[in-house]
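Beneath this line is the structure, given in structure tokens, with notes to follow.
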């Protein structure tokens with residue numbers, strides 16, 4: 001179980017690192033943007049070009065946060081599913097909550113990896129179009145002259161941003177679903193631990209369980225604010241960063257670290273409840289009693305003299321088997337019959 005504790009602690013550190021990089025990327029984007037949002041909404045080509053150059057400069061933070069967060073989900077799945085197995089008491093209690101924990105853990109890991117792979121593929125394609133292809137002059141000179149366009153028409157930049165917004169919108173919703181998976185894990189764990197504590201209150205703590213429920217509710221709120229932020233409401237951005245700093249850097253890592261300290265005791269209690277005890281807790285005495293019961297069912301087998309004679313091919317007179325059918329009279333009977341006077 002020490003391995004499970006180490007996985008919990010490592011996953012907490014990895015999650016804190018990924019969250020810190022993600023928050024740093026959001027702060028950098030808000031404080032260092034030189035393009036005008038109003039011009040960007042109007043699809044002004046110059047604002048779009050500035051946006052893509054700044055987007056390219058912070059790509060390192062974006063990629064690092066995505067990959068590290070994906071590794072967190074892979075590491076976090078292992079102790080989470082082991083915790084679900086223990087809380088279900090080997091599939092005999094709180095089965096629905098245990099199944100929900102495993103489904104949300106595996107679903108979150110898969111969704112997180114797929115969403116970040118889509119993000120990376122989309123941004124790499126956008127960088128290639130922005131820096132290696134001609135996006136400035138698409139109109140023929142005669143068409144541009146007829147439209148009164150002098151120089152670059154920048155139609156390609158507008159097309160690039162329109163396609164990028166549509167693609168990012170789809171990926172953003174999928175990526176935000178991560179918080180629903182986190183909420184499902186923590187809320188399901190709350191109900192499973194609540195049932196566990198009816199029989200055992202010495203392993204999983206009530207405060208730790210209440211913290212998990214609070215984190216689950218915050219995760220639902222963060223999912224809601226992610227959707228609101230995508231809709232374009234400016235007030236949602238600072239709220240998302242506030243929740244991210246509270247939930248990602250403090251509460252969730254603290255919950256996972258505490259889980260690592262509680263798992264060994266919970267696993268030991270789970271093992272004790274599934275091991276038959278005959279003579280105290282000594283397994284050697286239990287095994288000895290089992291062997292004694294087998295010996296009592298099968299008494300000592302001995303070999304008598306008749307068996308020895310039978311095995312040597314000889315048969316004692318006392319062990320002769322009487323005939324099963326009629327036999328002829330002895331010779332004396334015939335002699336007596338011959339000496340009797342005739343009629």
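Glycine is no exception: its Cβ is also placed from the backbone N, Cα and C atoms.
Because TrEMBL annotations are produced automatically, they should be read as predictions rather than curated entries.
As the structure is a computational prediction, the values presented were derived from the model and not from experiment.
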Have a look at 208-228, 271-291, 292-312, 313-333 and point to the one annotated transmembrane segment in TrEMBL.
208-228
Transmembrane segment per TrEMBL sits at which of 97-119, 120-142?
97-119
